[in-house]
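Listed features, source Swiss-Prot:
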type: BINDING; residues: 11, 59, 87, 93, 104, 114; note: ATP binding site
type: ACT_SITE; residues: 117; note: active site, pros-phosphohistidine intermediate
């Protein structure tokens, strides 16, 4: 199996509920290592740029507004099949459809306030990691 990196956001709703540690525990229990992390309060420009692919969609303005409503925790995760594993841990985008025990089933409020974000493919992971982290900020743990 291939060692991959993926990008992850703990969104404002989960940060405000003090769920960072619980979510990190799930990542690490699944064999994913945090190799870069920082807390930030996204500016409108950062959020708009990050979610540029959704511009023009009905939910775009609300998404940018939500993602700038409070601090987020962003991280790079590394491990075997990290993208697939992370997406399994997160669960379906709509928490009503998420399997029991997934992050969204446990912690999400709604499809709009769904606790976490994760890259969906290697290309998006590379783009999203580079959007927020320089190479010098990433610390492989072997």
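The count begins at 1 with the first shown residue.
Using N, Cα and C of the backbone, Cβ positions are placed for all residues, glycine too.
Geometry remark: residue 87 (ATP binding site) versus residue 117 (active site, pros-phosphohistidine intermediate), CA distance 9 Å. In three-state terms derived from DSSP, residue 11 (ATP binding site) belongs to neither a helical nor a strand segment and is classed as coil. Of all the binding-site residues listed (93, 114), 114 sits in the most crowded Cβ setting, with the most other Cβ atoms within 10 Å. On a Cα basis, residue 117 (active site, pros-phosphohistidine intermediate) lies 15 Å away from residue 59 (ATP binding site). Distance noted between the C-alpha atoms of residue 93 (ATP binding site) and residue 117 (active site, pros-phosphohistidine intermediate) is 9 Å.
The number of other CB atoms found within 10 A of the CB of residue 104 (ATP binding site), across every protein chain shown, is 24. Contacts of residue 11 (ATP binding site) defined by a Cβ separation under 8 A and a same-chain sequence distance of 6+ are given as 66, 67, 72, 113, 114, 115, 116, 117, in order along the sequence. The maximal spread of the ATP binding site, taken as the longest Cα to Cα distance among 11, 59, 87, 93, 104, 114, is 21 Å. DSSP classifies residue 87 (ATP binding site) as helix under the three-state reduction. A helical conformation is recorded for residue 104 (ATP binding site) in the three-state DSSP classification.
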